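*Asks:* Take this structure, written in C-alpha cells, and hold onto it; I'll ask about it next.
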Amino acid sequence: MAEHLASIFGTEKDRVNCPFYFKIGACRHGDRCSRLHNRPTISPTLLLSNMYQRPDMITPGVDAQGQPIDPRKIQEHFEDFYEDIYEELGKFGEIECLNVCDNLADHMIGNVYVQFREEDQAAAALQALQGRFYSGRPIIADFSPVTDFREATCRQYEENNCNRGGYCNFMHVKMIGKDLRRKLFGRHRGYRRSRSRSRSRSLSPRNRKELDRRERDYRDRESRGNGRSKERHDRYDRDGGRRRHGSPRRSRSPVREGSVERRARIEQWNREREEKQ
C-alpha cells in the first residue's frame, strides 16, 4: 500500500495531494483547492509570485493607452527585468535556472522561478527578499516544490502549438536572447536548461548510481592501460559528453562498447605493458 501511494504521489491518480501544485508550485483553485498543497519548508527553488509586469498586461501587443507596442520593445523590457533579477539574486549563490512565466492566468501570470544550486542559498535569498519592493510593488516570495522544470513546462508551447494559449495550466516560459543568456549563464551553461523536455526522462537514483559506478570503473581500468585516456575523459566530463565543435574526429563513446570487447582490449593493454617492462 505504501509503495502504491508513493508511486502515485503528485499525479492525477493522487486524490489527496494536488498534482498541479506539486508540478508547478501554483494552482488555479488556490486555497479553495480540494487537494492538499504541501508547501516545502526548504527548497533550492523560490517562487516570486506575479512579479513580472509585462507592458501589454491588459491586451497582448497593446499598451494601457491602446497603442500597439513594438515586439522588440517588449522583449527589451523583459530582458532588462530578467537581468535585474539575476544580478540581485545572484548575490546569494549560483543560480541554476531562472524562469519567467508568460502565462495569463491569475495564478501564473508574471511568476518568477529561481533555482539555486544549494538550498541554503535559496533560504538566504528568501530572507533578504522579505519586506522588499520591486517597481513599487511588494515582492511575494516563498519556497517552491518545483525542482524539475521538465515536468512543469508545456511541451506544446515549446513546439509552438499549444491550443490553450496563455491560460494553459503548465508553464509557458518566456525566453531571453542568446546574447543575454551567454552573458549571464556562460557559453555552455545556457544549453543545460532544466526546462527542456526534449531530452529523455531522468534516470532513477538507483539506476543513475549504478551507471555512474560502471562508467567510473571503466575509466579507471582504461586509465591504467592507456596514458592518453585521462585527457580524453577529462574533456568528456567538461563537455558534458558532447564532442567539441571543430574537432577533427569523434572519439568512440565507452557506453557503446560491449563488455567482451572491453575485457579483450584491457587484456591486450596489460600484455603490451608487461612486454615493455
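Cβ atoms are placed via backbone N, Cα and C, with glycine included.
Quantities reported herein were computed from a predicted structural model and do not represent experimental measurements.
Got these off TrEMBL a minute ago, pasting:
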COMPBIAS  187-200  compositional bias 'Basic residues'
COMPBIAS  207-240  compositional bias 'Basic and acidic residues'
COMPBIAS  241-253  compositional bias 'Basic residues'
COMPBIAS  254-277  compositional bias 'Basic and acidic residues'
DOMAIN    12-40  domain 'C3H1-type'
DOMAIN    44-146  domain 'RRM'
DOMAIN    148-175  domain 'C3H1-type'
REGION    187-277  region 'Disordered'
ZN_FING   12-40  zinc finger
ZN_FING   148-175  zinc finger
*Asks:* Report the mean pLDDT of the predicted model across the zinc finger (148-175), rounded to a whole number.
*Replies:* 90
*Asks:* According to DSSP, how is the domain 'C3H1-type' (12-40) divided among helix, strand and coil residues?
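*Replies:* The breakdown for the domain 'C3H1-type' (12-40) reads 9 helix, 2 strand, 18 coil.
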*Asks:* Please list the DSSP helix, strand and coil residue counts for the domain 'C3H1-type' (148-175).
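*Replies:* Counts, helix then strand then coil: 7 helix, 3 strand, 18 coil.
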